[in-house]
Amino acid sequence: MMDLLKLQTEYAGVVSINLFVTLLCACIVIGHLLEENRWMNESITAIAIGLCTGFVILLTTGGTSSHLLMFSEDLFFIYLLPPIIFNAGFQVKKKHFFRNFVKIMLFGAVGTFLSFAIVSFGAAQIFKKMDIGGLELGDYLAIGTIFSATDSVCTLQVLNQNETPFLYSLVFGEGVVNDATSVVLFNAIQSFDLSHISSTTALQLLGNFLYLFIISTLLGVFAGLLSAYIIKKLYFGRHSTDREVAIMILMAYLSYMMAELFELSAILTVFFCGIVMSHYTWHNVTDNSRITTKHTFATMSFIAEIFIFLYVGMDALDIERWKVVSTSPGKSIGVSAILLGLAGVGRAASVFPLSFLNNLTKKAPEDKINIKQQVIIWWAGLIRGAVSVALAYKQFAREGYNQTQGTAIMITSTISVVLFTTVVFGLLTKPLIILLIPQKTRDVSSGPTTPNFKTRESTLTFPLLVNEQNLESGQTDAGTQNVLIDQMEGESQNGPRRPRLDRQLSATSTVHHYWRKYDDSFMRPMFGGRGFTQPVPGEPIDPSVTARRPESP
């Protein structure tokens, strides 16, 4: 009898996995067919399919279940989140990201703190009067982190990295730093004994946050540099490109798991590991490995994102949780509306004042954030996603599902807010961006971020003594190549390029200039990178072949 029950359980698991994989394929196909749709995107498509599937499962099981797989925060944090965050760092346009690094940190770190404070304080004051029950100080602080974690996927799917590089890098970078800050804050709160609060608790919390933030970043940089050094010295590509690809994937995942092992912020670690790998490691492998890794990381990230949204759609109909809150549906709806309002207020309080402070310190118009861009940044941060769901499960379901009405309401309200913001705000994102950023403005705002060697005249791009043939054939030194490519990519974010002499004079006083000198003189010779990669036996050496190497992520 036991053997028969075990076989039935195993068979049911196989059927569930088959159905879930089929749904993933359906999400990809339908998302492709709706690619040009003005309203829909793949996130909304996956959630809609998840909701429909959950409803069908509810009918077929007699109202006992709505999902094929049980959600686990370990599944999310260990298997689904790493490829998404790593690919974000690996594919980021580093030039625009670090050019706007101060703004990104201002919105992503300082802005998250402001939003966290507003949401936590508002939730504590309002929910105590509503008598939800079962919530303590740690829960209110956790609510602040849960609803400060944004999901800018819908906005990024509409924005074009080449058409609006400034806005894209700002929304993208702020989203990653925001998620990392929220998770670090969440973990810092979990590690504190909030039953004994003193005057130094806030300072201790800030110190713990800075420690996690800095050490996690350094660990990611170390892992990326280690992978670059290993691949540069051992020449895996001379025997097998498979080994190069394997070592890059495993080193990236190892950085994430090491951060988890040392109880650091794995999101920050793997993000900066991705940035360092794309800057050094990626240039040390063969051309075949470059193409393979670029598409492999993007594919893994894409599948993980669809998986998460599909599951959130199915889990929204979990009958067990809704039974607990069904005794007070008005209270559940009220909590969801309050959380949504607090998230919007907290987001506004972080975006518009910080943009005003940023604009006060900038003189050039192209360095300022205009009101339309501020609205898009605010809008992108209104959408809540998988990180909020995972943190809600981790906080309110750690002792088992639905222990109290308060914890059940918080989980259902979190899912409701995620569904509402993703679907409703996601549907309106594309029309809003089209309205605020007309096509002509987007086309003129910036040229391609990738240099096009075949279509630009050398007399307009390079100094008099260097032409594009020298660059393509490798006859210039690496430092000169980097400067030339920077000049080719150096078009202003909001208008035509400044005169070359003006750009060069202003560049001498920037951090980026000094970092590039240090990078060319020390880092690249040791760890590899563009212009410092030694040829691998068997690789093409013909200049016409070399010039067609794949674009750096």
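Heads up, the Cβ atoms here are built off N, Cα and C, so glycines get one too.
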Quick one: sort out which of 408-428, 513-533 is the transmembrane segment according to TrEMBL.
408-428
For the annotation transmembrane segment in TrEMBL, which listed range does it cover: 375-396, 463-484?
375-396
State the residues, same chain only, that lie 6 or more residues beyond the ends of the transmembrane segment (295-313) and have a CB under 8 A from a CB inside it; answer 'none' if no residue qualifies.
20, 23-24, 27-28, 31, 42-43, 46-54, 67, 69, 71, 76, 79-81, 83-84, 86-88, 90-91, 153, 245, 249, 252, 274, 385-386, 389, 415, 418-419, 422
Contact between the transmembrane segment (408-428) and the transmembrane segment (46-69) (3 or more Cβ pairs under 8 Å, separation 6+):
yes
Cβ pairs under 8 Å with the transmembrane segment (12-34): which stretch of 46-69, 265-283, 333-354, 375-396 has the most?
46-69
Which of 75-92, 265-283, 333-354, 375-396 has the most Cβ pairs closer than 8 Å to the transmembrane segment (104-128)?
333-354
How about long-range neighbours of the transmembrane segment (265-283): same chain, 6 or more residues beyond its ends, C-beta under 8 Å?
77, 81-82, 85-92, 94, 97, 176, 179-180, 183-184, 187, 212-213, 216-217, 219-221, 223-225, 227-228, 231, 248, 251-252, 255-259, 290, 293-294, 297, 523-524, 527-530, 532-533, 552-553
